[in-house]
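*Asks:* Shown below is the structure under consideration.
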């Protein structure tokens, strides 16, 4: 992927950009295998890595704003160079950024100066849906002082960018390296951006996590769906469920595969906004026996009784943050004894440790998903079966 910013040294976010893609994949696959070398790998069906397109794959831009209000600079937080033509973004983002620069000037959104601790506009967060090209635009501001000016100029912005579905101000008053604050002021009637992967509607909300590589994310969810649809299960837990991507894909596939069977899904996620999005997706799919709750996934699980056999899930899906599920939850899952565990991880090192603690389970399938080309990061999906 040619990138003038990398060549000039303006941005080194893509630290492996000079490495051939086949070599990138080989290094990631080797790293993944190293994390599992302490386990019994004799029964693993290794799937070929799921590859990504190499540019234009990101659906989200997180731009720090600096410079002057008449000529704002939109860059990555670690760079001071204008990066609006970053090749990781779709090519049409460049024109959108041009329109947003003009809006910043018209609304008087003075870029926040970190050294002087003055100014208002800290970040612009732009997300695009692959469903219909709809956009969610968020301005991260220090205060609400510019709200009247933003409201005054908003009709002009919507006329220039009719694909804008959700526009909001996020208020982050602290002088700290924090991306966003708690308060979200919506300027549009619509508060969620609809996406669709594999005929499963998903909803992106402000302050909620959503994968930034939709092509690979769709493959990740679709693979989980494919692995699960033939399993003899009808009760599912989806821990750390986010907006419900894994659980809904699996529940819908099982319901289609076994139309006479009642498929029960319980999804747990600490983010209330993500739970709202997941509930909306379940309603749109018409799934009846689905319950999403805003709770700490670990605390929820540990509060359950492994002896309550009637309610024991046959499949537990875990998609934890980088720290993994930890020893305590792994030991609980050994006691709970679901037939299968589907583990999706963004950190193979902690996943390897977790699977080692899932001593009652045998790894059956493993696949790497290259969600972040040109970097050392990747995601991995594993299917474990009770021994």
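Each Cβ is built from the backbone N, Cα and C atoms, and glycine gets one as well.
As the structure is a computational prediction, the values presented were derived from the model and not from experiment.
What Swiss-Prot lists as active site, nucleophile is 346, and the listing cites sequence analysis. As annotated by Swiss-Prot, [4Fe-4S] cluster binding site applies to 3, 11, 14, 86. The S-adenosyl-L-methionine binding site annotation in Swiss-Prot covers 211, 240, 269, 319.
Quick one: where do these features end up spatially?
*Replies:* In the three-state DSSP assignment, the secondary structure recorded for residue 346 (active site, nucleophile) is coil. Taking all protein chains in view, 19 other C-beta atoms sit within 10 angstroms of the C-beta of residue 346 (active site, nucleophile).
With a 10 A radius on its CB, residue 86 ([4Fe-4S] cluster binding site) counts 26 other CB atoms from all the protein chains.
In the three-state DSSP reading, residue 211 (S-adenosyl-L-methionine binding site) counts as coil.
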*Asks:* Which residues, same chain and not among 211, 240, 269, 319, have a CB within 8 angstroms of the centroid of the CB atoms at the recorded S-adenosyl-L-methionine site?
*Replies:* 209, 241, 242, 243, 245, 246, 274, 320, 344
*Asks:* For residue 269 (S-adenosyl-L-methionine binding site), what is the tally of other C-beta atoms lying within 10 angstroms of its C-beta?
*Replies:* 28
*Asks:* For the recorded [4Fe-4S] cluster site, enumerate neighbouring residues of the same chain (Cβ within 8 Å of the Cβ centroid of 3, 11, 14, 86, site residues themselves excluded), in sequence order.
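*Replies:* Here the nearby residues are 5, 6, 10, 12, 13, 17, 83, 87, 88.
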*Asks:* So for residue 240 (S-adenosyl-L-methionine binding site), how many other CB atoms are inside 10 Å of its CB?
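*Replies:* So the Cβ neighbour count for residue 240 (S-adenosyl-L-methionine binding site) comes to 21.
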*Asks:* Cα within 10 Å of residue 3 ([4Fe-4S] cluster binding site): which of the recorded positions 211, 240, 269, 319, 346 qualify?
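*Replies:* Hits: none.
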*Asks:* With H, G and I counted as helix, E and B as strand and the rest as coil, say where DSSP puts residue 240 (S-adenosyl-L-methionine binding site).
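*Replies:* Looking at the DSSP assignment, residue 240 (S-adenosyl-L-methionine binding site) belongs to neither helix nor strand, so coil.
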*Asks:* Across the listed S-adenosyl-L-methionine-binding residues, 211, 240, 269, 319, what is the farthest Cα to Cα distance, given in whole Å?
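*Replies:* The two farthest binding residues have Cα atoms 16 Å apart.
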